[in-house]
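Scroll down for the structure; my scribbles are underneath it.
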Amino acid sequence: MRNEQNSSENTDNGAAAVGDVLFYNNLTRFADNVALIEGARRITYASLITNADTIGAEIGPQGRLVFLEARNTIEAVTAYLGCLRAGHVVHLFGEGEEARVERLIDIYNPHAVIRHETPGPSVIGRRHDETIPLHPDLAVLLSTSGSTGSPKFVKLSGRNIHANALAIAEYLGLDETERAITTLKFNYSYGLSIIHSHLACGASLVLTESSVTTPGFWPMFEAQGATSFAGVPYIFEMLDRTSDWAAQPNLRYVTQAGGRLAPEIVRRMAEFGRNNGWRFFVMYGQTEAAPRMTYLPPENALDHPDCIGRAVPGGALSLIDEVGMVINAPDTAGELIYTGPNVMMGYAEGPAALATDETPPSLKTGDIAVRLSNGLYRIVGRSSRFIKPFGIRLNLDELQAQVRERAAGAICTGTDERLVVAVPGGTGDQASLVSWLTDTYGLPAFLIEILSVAEIPLLPSGKPDYQNLIRQAAEKHPPADIASGQSADGGRWDSISAIFITLTGAKAVTGDSTFIALAGDSLSYVVTSLAVEEYLGFLPNDWEMKTVDELEALRHADGEKDVAMPLHFLNTGRVLMLFLGIPFHAAMAFNAKSDMIISAPERSWIATVIFMALHAFRMFAYFFISGYFSMLILKRTTALNWFTQQAKRLGFPLVLGGILLVPLEVMAVAISPVRAGPPPWEFWVQQMTSTGPQWLVHRWFLATLLAVAACMAILVTLYRKGRFGALPERFLDMVDRHTAACWWGLVLGLAPLGLAATVAAKLAGNWAYLFNMFEYRTIVMYAPVFLVGALMFLRPKVFEWYLKPSLFTIVLTVVLTAVFVILDSSKTLPMMILEQLNILPVGMLATRVFLSAMHRWANNTHPVITRLLDASYVIYVWHIVFVLLFNDLWISLHVNPLVAITLTTAGSFGCCWLVYMVVSRSRLLSLIFNGGPMRGA
């Protein structure tokens with residue numbers, strides 16, 4: 001087989017099948033393609049092949065055992081490929097694993113050890129030329145995540161990695177145009193599979209040691225033209241805190257593996273992908289399968305975010321019960337079994353095993369799963385003593401044997417949230433034990449709980465009571481304390497150094513230490529950032545790059561702090577703007593100043609004030625927030641892509657939602673006890689068979705927002721093509737230098753615009769309407785505030801100023817709002833002119849005052865707000881049906897106007913919430929009434 005692996009290059013075939021030449025020996029067909037990119041360096045496949053073969057020959061003749069330091073550099077990847085092509089057996093180890101590697105070198109006695117200087121070429125340390133018996137099929141030796149502290153290797157053949165590379169390339173749809181970025185080390189089987197699958201199809205790899213938390217990562221991602229990245233669960237937990245990254249213009253797909261990702265995050269990632277034109281793949285595997293066994297197709301992620309999917313191409317899954325019988329019934333739990341050409345050659349626990357092939361007929365995963373009726377699989381538990389904290393798979397029995405060398409009689413247990421080590425009688429040095437565990441297994445220190453017990457608790461059977469120990473650990477240090485950043489002693493953090501030592505596992509911290517320098521990675525980032533925020537009272541910009549001394553100095557520093565502005569208040573504001581539509585429309589029937597669709601005989605001036613006060617700013621604030629978030633996305637994608645998503649999100653509720661809801665709305669008006677005209681059925685038929693405002697009267701804002709979005713997309717496209725020259729930059733510079741003057745100039749300048757729009761509409765007559773349904777004037781009225789919102793995203797300092805209105809601004813807003821209430825529906829010409837002059841300035845000013853209040857008092861995230869935000873669109877689209885019906889009821893019963901408004905608001909919200917519960921469970925209904933998927937009820 002080793003001769004077959006090193007057979008001549010096959011340049012005639014396309015993607016090789018499993019029985020053909022192995023992919024790493026079949027690369028000349030991609031000779032002119034760019035293979036590897038590192039910073040400004042780029043090498044083609046032709047150069048990669050030449051350099052790899054040079055290194056392979058330098059190591060020695062075919063059949064050498066090589067230990068290779070795996071780093072995300074051109075030199076390291078080239079050396080690895082050279083080993084494969086030369087027929088050597090290579091073990092990959094990570095940077096900083098010196099103690100472990102030296103132990104393995106003593107056991108396995110490799111011919112050569114390759115390390116990498118940065119910058120600089122690979123350093124090949126040849127040790128001896130003695131014969132080591134190696135199986136001819138053996139290619140790669142990897143430590144499993146459960147055996148990184150032991151001499152146990154997973155043995156993978158060339159055919160194993162070849163078959164899995166082609167399977168991955170097939171279900172991801174990879175081709176030569178792909179360009180993956182290496183966010184994972186390739187001594188980790190997940191990271192290695194990315195290299196294999198992309199080389200197998202002639203694609204490019206962007207090599208970097210950076211993570212998604214490293215400053216400059218995303219600009220570098222875009223600049224290098226990367227089309228994909230991979231992450232373990234805790235990377236996506238960080239990415240879930242913001243959606244800014246999701247609009248990368250070149251992004252085609254994202255993959256996740258390395259442990260279970262919370263279903264709600266899977267769903268949100270899938271939504272991000274759907275909304276931004278890329279695919280999100282959840283994957284499951286083990287190093288023993290080289291490593292990929294299953295994938296969840298992106299189209300299933302929204303409905304089945306808790307599933308691992310189906311077998312990769314060429315593989316098969318099955319379930320067995322406790323006695324080994326195959327389970328065929330759906331939704332019945334059993335141990336998950338995988339069969340395929342990528343199943344390992346067995347384990348090596350010493351040099352003698354390197355010469356044998358112990359390929360099992362199938363791979364028992366140790367996971368308990370069920371198969372759904374649609375063929376997808378879902379993991380429901382573990383069958384043996386394995387845990388997976390932070391995606392690091394630990395074999396507790398192996399780990400316990402090693403711990404007992406350092407602490408006699410120790411017992412290891414735990415959950416996917418933490419490792420628990422019980423030490424009887426306080427034997428051993430606990431600090432050294434924690435240090436050893438962090439060094440050997442790569443666990444953050446805060447995930448390790450050492451329990452000092454008088455004796456190990458036992459079950460009646462005489463076996464250790466693992467659940468008792470887990471409960472003791474939870475009582476000593478609840479999981480919630482870890483998540484919130486509480487210190488290990490149960491109190492608050494007393495220093496930045498304590499946070500770093502505890503949460504990064506660092507042995508020593510100095511005043512010059514930073515989170516990044518202490519090997520703080522994405523696994524520790526979330527918890528450490530929460531602890532730093534708790535200790536300082538805020539989270540500074542670029543905190544991970546600041547030294548301990550710099551962070552400590554910020555705790556007592558006076559003056560303005562360099563902290564990124566939280567945007568929770570905008571989400572809360574958006575929820576309020578939509579939900580305030582319910583009391584707004586409830587009060588409409590009792591408005592004393594004018595007749596509405598349904599007008600009660602008994603009117604109320606209090607209802608009128610409520611109605612008009614909300615009317616003064618509600619939709620202006622909504623369009624401002626829409627403009628802000630629109631620019632946030634537009635900065636990271638093409639205008640066409642953004643508008644396409646907007647058209648889908650707004651268009652489906654506007655058209656399909658309208659078709660389904662208008663009959664109900666017209667019916668509610670038809671049966672009103674105060675409506676004059678033809679009988680209800682005749683009125684309903686008349687309205688349904690004619691064009692008119694009834695078709696858009698309650699969804700006008702969707703049509704307006706869609707029109708404004710189209711204008712915005714055109715402007716951005718023209719700007720990016722340079723059609724405006726330096727004018728935009730000059731304008732923004734003027735805004736920066738003369739913020740207050742520009743603001744008041746805008747407010748005053750909009751006054752005549754409102755009047756002009758109204759006059760133009762009157763003069764245009766029917767031409768002012770689209771099919772007698774949509775009034776063009778709304779575009780003119782709300783486009784300015786939308787653009788102001790977009791501007792505020794582009795100018796954060798201006799936005800900070802905007803959110804701190806002066807007392808004069810607040811008083812003027814109150815006065816103009818009162819004038820707006822008084823002037824609305826005026827009958828005399830002078831008053832009508834004043835009303836139209838006032839409408840845009842009061843909308844602008846009231847929006848500013850409202851958002852400043854939200855920023856001051858509602859700028860914290862809360863699960864309730866998150867849920868309401870998910871429901872807000874559906875509730876707004878549906879609420880008018882219930883408002884009209886409830887108003888019909890209260891009017892017929894002659895209920896007091898204020899009581900009626902209160903009852904209608906509460907009843908309509910309750911009914912709309914029930915609608916949301918139904919809609920959110922259906923992809924079709926979510927599309928119709930929400931324009932896209934929802935998080936679910």
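Each residue, glycine too, has its Cβ placed from N, Cα and C.
Record features, source TrEMBL:
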DOMAIN    25-347  domain 'AMP-dependent synthetase/ligase'
DOMAIN    568-917  domain 'Acyltransferase 3'
TRANSMEM  604-629  transmembrane segment
TRANSMEM  650-671  transmembrane segment
TRANSMEM  700-719  transmembrane segment
TRANSMEM  740-764  transmembrane segment
TRANSMEM  776-794  transmembrane segment
TRANSMEM  806-823  transmembrane segment
TRANSMEM  829-851  transmembrane segment
TRANSMEM  871-892  transmembrane segment
TRANSMEM  898-919  transmembrane segment
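Of the Cβ pairs linking the transmembrane segment (871-892) with the transmembrane segment (604-629) and spaced 6 or more residues apart, fewer than 3 are under 8 Å, so the two regions do not touch. Counting Cβ pairs under 8 Å that are 6 or more residues apart, the transmembrane segment (829-851) and the transmembrane segment (604-629) reach 3 or more and are in contact. Residues of the same chain lying 6 or more positions beyond the ends of the transmembrane segment (898-919) and with a Cβ under 8 Å from any Cβ of it are 579, 582-583, 586-587, 589-590, 600, 604, 606-607, 610, 871, 874-875, 878-879, 882-883, 886-887, 890-891, 925-926, 929-930, 934, 937. The listed stretches are 604-629, 650-671, 700-719, 740-764; of these, 604-629 has the most Cβ pairs under 8 Å to the transmembrane segment (806-823).
Non-local neighbours of the transmembrane segment (650-671) in the same chain are 597-598, 680-681, 683-684, 687-688, 694-696, 698-699, 702-703, 705-706, 709, 873, 877-878, 880-881, 884-885, 888, 927-932; each lies 6+ residues outside the stretch with a CB under 8 Å from one of its CB atoms. Ranked by Cβ pairs under 8 Å to the transmembrane segment (776-794), the stretches 604-629, 700-719, 740-764 are led by 604-629. For the transmembrane segment (700-719), the list of distant contacts is 619, 622-623, 626-627, 630, 634, 639-640, 642-643, 646-647, 650-651, 653-654, 728, 770, 774-775, 778-779, 782-783, 786-787, 790: same-chain residues at least six beyond its ends, Cβ to Cβ under 8 Å. For the domain 'Acyltransferase 3' (568-917), the model's average pLDDT works out to 85.
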